Amino acid sequence: MVDFKLSPSQLEARRHAQAFANTVLTKASAEYSTQKDQLSRFQATRPFYREAVRHGLIKAQVPIPLGGTMESLVHESIILEELFAVEPATSITIVATALGLMPVILCDSPSLQEKFLKPFISGEGEPLASLMHSEPNGTANWLQKGGPGLQTTARKVGNEWVISGEKLWPSNSGGWDYKGADLACVVCRVSDDPSKPQDPNVDPATQIAVLLVTRETIANNKKDAYQILGEPELAGHITTSGPHTRFTEFHVPHENLLCTPGLKAQGLVETAFAMSAALVGAMAIGTARAAFEEALVFAKSDTRGGSKHIIEHQSVADKLIDCKIRLETSRLLVWKAVTTLEDEALEWKVKLEMAMQTKIYTTDVAVECVIDAMKAVGMKSYAKDMSFPRLLNEVMCYPLFDGGNIGLRRRQMQRVMALEDYEPWAATYGSSKVDKSRL
């Protein structure tokens, strides 16, 4: 029998996240909303991130066997929904740190894990991590044979790797002071000559390397080897930092190479982004849930000049019903996806497809949910004294970031479906090929 009842530890994780969101995160807006630019708003959230560390929310991004407190990805999804239902500021910085740690968590080097995860399980300070993958010219087709590939390159020189190139959008990558994150996993294309284009006859996946860069690494380089060129001003998520960064002959010790370059490194990156894809669904649910809850309260307390609360009008109720159904189905899909990702009996392609369809569905319908909540409320929802304008700007980002639904996530799912041995129901029933004879 399928059981959706939360375990005691999952209920406790939800309670803890709710308490933090309601007592700490609710105060964040008053601090960052007066700031005039993206970086200043990001920096204004630093005390709240420090509180997140102190409350164990960063340690909760690391699995228990590696010194953290994360029991499962289901626990993580529950936590994220509660945080994003209240305030994305700091919450998105926590998520970005989790993504930044993911390649290290997934690697098979206990020594690297012990060394680089240590600051994040200490419960002290404000350590930031970042997965530096995205580039100014886009990375949706970074593994397409015959394409230019990643423009951030790395070449081996003696006992070091030398990085050259630019990154744009990786959250947390500049750190609090633009002197770098405490840990950045920089995804590069191996090339002996950065000025030469990628060989069109070579599989790009075989040329990938991940190098671990710390603030100490940056400090040990020449000043112009690491530069922040700018910070995008965003319509929503106005407290996140994902600056435009340039590496110029930037030296990294060979011991900071995460794993053997090539398919193994590419696999770590793909797995990290598959896990984050499912968890973005929880973030989207939190934001859409906030819109639904505000619209529901409004509909049950306001008449809009009539004789009864607007919830009594069928058109309003229908919009709220649609929102509720989308939220419930999205949550179940997220829970199924993260459970599938942790099921060792399933093939990777099955896990990947489940994560992709979760990211696509949940983030797309979250946008619809916020818009329908606004329609239920009416013109009042467009006023800034309500949460809807902010929620709309935030929810619009989810289908676009962490691998855009159109350019990347649907294409990943398409490739899985096109496989000759594709089994559409493997994540639910195990191996179960479609009987073509009856079709």
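Our numbering is plain: 1 for the first residue shown, then up by one each step along the chain.
Backbone N, Cα and C atoms are what each Cβ position is placed from, and that goes for glycine too.
Here is what Swiss-Prot says about this protein:
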- D402: active site, proton acceptor (ACT_SITE)
- 131-134, 139-141, 169-171, R304, 313-314, 375-379, 400-404: FAD binding site (BINDING)
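N141 (FAD binding site) and D402 (active site, proton acceptor) have their C-alpha atoms 14 Å apart, to the nearest angstrom. Using a 10 Å Cβ-Cβ cutoff, V377 (FAD binding site) registers 26 neighbours.
Between the C-alpha atoms of V377 (FAD binding site) and the residue listed as 'active site, proton acceptor', the distance comes to 31 Å.
Cβ neighbour density within 10 Å is lowest for Q314 among the binding-site residues S134, N141, S171, Q314. With respect to their backbone Cα atoms, L131 (FAD binding site) and D402 (active site, proton acceptor) stand 11 Å from each other. Distance noted between the C-alpha atoms of S134 (FAD binding site) and D402 (active site, proton acceptor) is 9 Å. When the neighbouring Cβ atoms lying within 10 Å are counted for each of the binding-site residues (L131, L400), the highest count belongs to L131. Cα-Cα distance from S171 (FAD binding site) to the residue listed as 'active site, proton acceptor': 10 Å (rounded to the nearest whole number). Non-local contacts of G403 (FAD binding site) by the CB criterion (under 8 A, 6+ apart in sequence, same chain) comprise A140, F273, A277, K359, R409, Q412. Q314 (FAD binding site) sits 37 Å from the residue listed as 'active site, proton acceptor', taking the CA atoms of both as reference points.
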